[in-house]
Amino acid sequence: MTSILREQRRDNVWDRFCEWVTSTDNRIYVGWFGVLMIPTLLTATICFIVAFIAAPPVDIDGIREPVAGSLMYGNNIISGAVVPSSNAIGLHFYPIWEAASLDEWLYNGGPYQLVVFHFLLGISCYMGRQWELSYRLGMRPWICVAYSAPLSAAFAVFLIYPIGQGSFSDGMPLGISGTFNFMFVFQAEHNILMHPFHMLGVAGVFGGSLFSAMHGSLVTSSLVRETTETESQNYGYKFGQEEETYNIVAAHGYFGRLIFQYASFNNSRSLHFFLGAWPVVGIWFTSMGISTMAFNLNGFNFNQSVLDSQGKVINTWADVLNRANLGMEVMHERNAHNFPLDLAAGEATPVALTAPSIHG
């Protein structure tokens, strides 16, 4: 009998850690990007939850009029938010150690910067982790490319827009009603509804929803029957099976006759590329629109642009939209200034389209 003695493998702790981090056998892949993603997202999540529940009011406008955003100060899930950092801080980096006290840091909205910076770093690492796992599994890198669309949108509203406007107080509040307030103010100050990049973004999001619903319903309607009438159709599919689970020829024929022949894809790969690319490109355009409007390259302005033969203004929808913008702008930061800039300078703008005659 021959005995073979193998030398015991002597990996140090660092080598075993590297192997664990990059192993695709783990239930959840960590990756080197995950080493940074996990602590940053945990920090952002914990700080957001604590601030949403218990943060004191924040002097967002920098005029010593704090705005309460937490649940303990009278808000509910809808109205609550982590209020952006003070206009007095501007674009300054404001970590805890830059404040004279913790109370001052809370009063000036320090938690907002802490959450946003850790969140942006964390989701960037998440995209890198997607690429890393795809690389290790020998897959193409398009998953992280698709994820870059919502990532760019987050960077646009939380970082690029405040930089362009000169203060993190102009960033999007971290709450439901705060998000809608941000949208209203953005429309009032930048006329985003009249910006072509926003229009492309709307087409991307709603078009993507439509295409997703159409694709899902077509596939579900053309499944290859593998079960009886009394069983769920889902039991007719076995994970990893080689056979097609639906009849793409039937789906192509149906949709081609419903619209016209060339509106229907006859190639499953090109179809799924289109389903992925359409919303991604649309959201990319929206992010670019936010980033350009951050520096006040605003949407189209057709106000008072249609005149009759005598030179009088024929009011269009653009003029109605302009009055709505002025109304929203007046309500925004009502105590920070007496009038919005475009109301305080220039000729007076009539509030009503026509003034009724009153006969007493």
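Each position is counted from 1, following the chain as shown.
Every residue gets a Cβ built from N, Cα and C, even glycine.
Here the transmembrane segment (29-46) has long-range neighbours at 20-23, 114-116, 118-119, 121-123, 125-126, 128-129, 131-133, 136, meaning same-chain residues at least 6 beyond its ends whose C-beta is under 8 angstroms from one of its own. Per Swiss-Prot, the feature transmembrane segment maps to 29-46 (among others).
A C-beta separation below 8 Å, combined with a sequence spacing of at least six in one chain, links H118 (chlorophyll a ChlzD1 binding site) to T40, L41, T43, A44, C47. For the recorded site, H118 (chlorophyll a ChlzD1 binding site), the DSSP three-state label reads helix. The chlorophyll a ChlzD1 binding site annotation in Swiss-Prot covers H118.
According to Swiss-Prot, the transmembrane segment annotation covers 118-133 (among others), on the basis of sequence analysis. Away from its own ends, the transmembrane segment (118-133) comes close to residues 24, 29, 31-34, 36-37, 40-41, 43-44, 47-48, 141, 143-144, 147-148, 151, 154-155, 158-159 of its chain (Cβ-Cβ under 8 Å, at least six residues beyond either end).
As annotated by Swiss-Prot, pheophytin a binding site applies to Y126, with the evidence given as sequence analysis. The secondary structure of Y126 (pheophytin a binding site), as reduced to three states from DSSP, is helical.
Within its own chain, the transmembrane segment (142-156) is flanked in space by residues 119-120, 123-124, 126-128, 130-131, 134, 276, 279-281, 283-284, 286-287, 290-291, 294, which lie at least six positions past its ends and keep a Cβ under 8 Å from the stretch. Annotation comment: Swiss-Prot describes 142-156 (among others) as transmembrane segment.
For Y161, the entry in Swiss-Prot reads site 'Tyrosine radical intermediate'. In the shown protein chains, 22 other C-beta atoms lie within 10 A of the C-beta of Y161 (site 'Tyrosine radical intermediate'). Under DSSP, Y161 (site 'Tyrosine radical intermediate') is assigned to a helix (H, G or I) in the three-state scheme.
For E333 ([CaMn4O5] cluster binding site), the same-chain residues that are 6 or more apart in sequence and have a Cβ closer than 8 Å to its Cβ are D61. Annotated [CaMn4O5] cluster binding site per Swiss-Prot: D170, E189, H332, E333, D342, A344, in sequence order.
According to its DSSP assignment, H190 (site 'Stabilizes free radical intermediate') is helical. Taken from Swiss-Prot, the feature site 'Stabilizes free radical intermediate' applies to H190.
According to Swiss-Prot, the feature transmembrane segment maps to 197-218 (among others), an assignment based on sequence analysis.
For H198, the entry in Swiss-Prot reads chlorophyll a PD1 binding site. A C-beta separation below 8 Å, combined with a sequence spacing of at least six in one chain, links H198 (chlorophyll a PD1 binding site) to I192, T286, G289, G299.
According to DSSP, H272 (Fe cation binding site) sits within a helical segment. Counting every protein chain shown, the number of other Cβ atoms lying within 10 Å of the Cβ of H272 (Fe cation binding site) is 12. Taken from Swiss-Prot, the feature Fe cation binding site applies to H215, H272, supported by sequence analysis.
Look at Swiss-Prot and you will find H215, S264, F265 tagged as quinone binding site, backed by sequence analysis. Within 10 Å of the C-beta of S264 (quinone binding site) we count 18 further C-beta atoms, all protein chains included.
For the transmembrane segment (274-288), the residues of the chain that approach it from at least six positions outside its boundaries are 142, 145-146, 148-150, 152-153, 155-156, 197-198, 200-205, 207-208, 211-212, 215, 265, judged by C-beta separation under 8 angstroms. What Swiss-Prot lists as transmembrane segment is 274-288 (among others), and the listing cites sequence analysis.
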Next item on the list: Give the maximum pairwise CA distance in Å, whole number, for the residues H215, S264, F265 listed as binding quinone.
Entry: 11
Note to self: Quick check: which same-chain residues outside H215, S264, F265 lie with their CB within 8 A of the centre of the quinone site CB atoms?
What the structure shows: M214, L218, A251, H252, F255, L271
Margin query: Measuring Cα to Cα, how far is E189 ([CaMn4O5] cluster binding site) from Y161 (site 'Tyrosine radical intermediate') in Å?
Written below: 12
Note to self: List every residue in the same chain as D170 ([CaMn4O5] cluster binding site), at least 6 positions away in sequence, whose Cβ is under 8 Å from its Cβ.
What the structure shows: P84, Y161, P162
Notebook entry, point to check: How long is the line from the C-alpha of H215 (Fe cation binding site) to the C-alpha of H190 (site 'Stabilizes free radical intermediate'), rounded to the nearest angstrom?
Noted result: 36
